[in-house]
């Protein structure tokens, strides 16, 4: 008899997690609490409630939470303050959602007195690591059930057979072979993996993309937008203030319309393998370009360079599941400190897959001094004679080394 009496399941309402729900009831003879997160994935979530009820889950044990604002405000925006990119390209759309889901799972564990959490991540991927590192960081003694590491339902056929034998409804798409891709979506991105994408030499089919038009089919006329920044975060689009999640949703709409944000990537998973995935991150692509633009006039040079030096480590921490680790929190304090004066506006041109910065301004925090930088008469603001001594001092070590090399010959 298991000592696990109550489990909080991260539940989508789809086939896999519905099978997991029934499997938990049968294998552990335990009470199941379901948790479904609305992260802006664009799916109707009420069916998840109805399916949970069909499994005998009590209404008060079904959690369907709208986390869109918290997701963007407390996770996506802090990440973009660092200009975060993993391996030069990936904007971490899946990675950044997992710590919030882990946090909410633990909150529900504490609220319901559950013994364990359960997730549907496979034993091959990064998500199992992200969910579990987050859970252990927030509740060290929590138990974790990962069915894909325990059961023998390791093929689509076995999963379907289990569902059929236990009366779990099977959508027609699953009977016909399922979705052609494994997809994950939230307000920041949508990802595609599996099937023919497992051949890294094969081009993704055009009808795969859901959020963006092909750049070739994007409007022939460019569209200009203005983003307003306060302490490193976008607070308004074209002068209209809006909550964080509405900012990202609007940028997704604008970017998708203009074919912005497509990515085909082979990435290095934390568990050791290489994986090919395709991503659409229209709003995030705009955010990254705009944030670097506003920082270009408001950040000190050495602070900006320090941020760039630290960014790959920060990105790896998020990708690998260490959002709740002390080193990520420490880096966040530094990053947030640098954003105190990142205020102003950025004007962008959106055109056929491109985000083009056409202007940036900060009334009170710009370090750009036109009286010094001008090519015209600066009225003595900058004494060009000073540059000679500056250059000689910086060249000193190289001159000494060159003289030594000459003597060695």
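Cβ from N, Cα, C; glycine included.
Over in Swiss-Prot, the protein carries these features:
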type: BINDING; residues: 10, 11, 12, 13, 14, 15, 16, 17, 18, 37, 120; note: ATP binding site
type: BINDING; residues: 90, 95, 126, 130, 182, 191, 267, 279; note: L-citrulline binding site
type: BINDING; residues: 122, 126, 127; note: L-aspartate binding site
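Over all protein chains present, the Cβ of residue 182 (L-citrulline binding site) has 15 other Cβ atoms lying within 10 Å. Fewest Cβ neighbours within 10 Å among the binding-site residues 12, 95, 122, 126, 191: that distinction goes to 122. Taking the C-alpha positions, the distance from residue 127 (L-aspartate binding site) to residue 267 (L-citrulline binding site) comes to 14 Å. Each of the binding-site residues 18, 267, 279 was scored by the number of other CB atoms within 10 A of its CB, and the lowest score belongs to 267.
Minimal Cβ crowding within 10 Å, among the binding-site residues 16, 127, is found at 16. Closest to residue 14 (ATP binding site) in space, going by CA atoms and restricting to the binding-site residues 90, 95, 122, 130, 267, is 122. Cα-Cα distance from residue 95 (L-citrulline binding site) to residue 18 (ATP binding site): 23 Å (rounded to the nearest whole number). Local packing around the Cβ, expressed as the count of other Cβ atoms within 10 angstroms, is greatest for 120 among the binding-site residues 14, 120. When the binding-site residues 10, 90, 130 are scored by other C-beta atoms within 10 Å, 130 scores highest. Comparing C-alpha positions, residue 16 (ATP binding site) sits nearest to 122 among the binding-site residues 90, 122, 130, 191, 267. According to DSSP, residue 120 (ATP binding site) sits in a coil region rather than a helix or strand. Reduced to three states, the DSSP call for residue 191 (L-citrulline binding site) is strand.
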